[in-house]
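Asks: Positions annotated as domain 'G-protein coupled receptors family 1 profile' by TrEMBL: 41-290. The feature transmembrane segment is assigned by TrEMBL to 27-49, 61-82, 102-120, 140-158, 197-216, 237-260, 272-292.
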């Protein structure tokens with residue numbers, strides 16, 4: 001490492017997505033459409049929950065925060081990605097790179113905590129309906145949201161400060177479409193063992209434990225519903241948990257695979273594709289999976305924009 005040029009890095013070059021030049025315009029239009037869909041879908045949820053008093057419940061408090069988190073999470077990555085797809089020199093300043101990394105970690109971690117809160121809310125509502133109102137009090141719900149914001153802010157700041165202490169030499173090319181933490185560590189010309197240890201330890205706390213809690217909550221939900229031996233109960237179980245677990249698997253599976261269980265066989269292209277799944281696809285799908293397929297949200301849509309109640313079948 002001592003043989004490397006110790007030139008101070010003022011900016012990084014992002015290689016972006018591995019797309020052929022003749023397909024760049026088509027992919028630009030696709031990602032622009034996905035970003036606009038993400039923004040509009042999540043904004044619609046926030047507006048409906050804010051305007052419809054019937055949605056002022058614990059579940060929709062968590063949903064509105066999740067939508068805001070998804071909106072910001074996507075906005076941390078997508079505008080810069082779209083700009084770089086049209087740029088001849090896709091660069092980002094050193095300070096801008098660390099800032100992007102901070103907010104990427106912040107909103108990504110926030111989503112993880114909010115998904116746990118939502119899973120616990122559904123668990124209480126379905127498994128203990130008589131105690132739901134008492135347990136899920138406004139004070140508890142607000143405390144869970146505030147705690148999620150505080151913990152994720154501290155976690156993101158920890159990684160950002162550790163990254164700021166590293167030295168970067170002449171090599172400033174990031175083989176990614178954003179300032180990914182693992183990609184930055186590979187460029188550092190100083191000791192990164194502390195960073196890697198913190199990633200492994202904190203990653204287990206922030207990612208694996210919430211994931212296991214969510215899976216346990218939905219497993220109990222399915223078990224509770226299946227105790228009623230009816231076709232309707234089975235349909236309700238799969239309707240409640242199936243689509244949710246699909247998105248959770250997509251989000252947590254790619255994140256855990258990339259950061260906690262990286263494989264030496266993972267190519268830069270494979271890692272980039274996996275990153276697209278949780279930075280671009282998941283925030284776009286969440287509004288449809290968690291809210292817009294929900295009868296309460298459809299009813300609120302009719303009341304807010306049409307001024308009338310729209311009937312929906314079960």
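The backbone N, Cα and C atoms fix where each Cβ goes, glycine too.
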Asks: Is it true that the transmembrane segment (197-216) and the transmembrane segment (102-120) have 3 or more Cβ pairs under 8 Å, skipping pairs fewer than 6 apart in sequence?
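Replies: In contact, yes.
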Asks: With a Cβ cut-off under 8 Å, give me the same-chain residues at least six positions beyond the ends of the transmembrane segment (140-158) that come close to it.
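Replies: Residues 58, 61-62, 65, 102-103, 105-107, 109-110, 113-114, 117, 121, 198, 202, 206.
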Asks: Could you give the mean pLDDT over the domain 'G-protein coupled receptors family 1 profile' (41-290), rounded to a whole number?
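Replies: Here the predicted model's pLDDT, averaged over the domain 'G-protein coupled receptors family 1 profile' (41-290), is 85.
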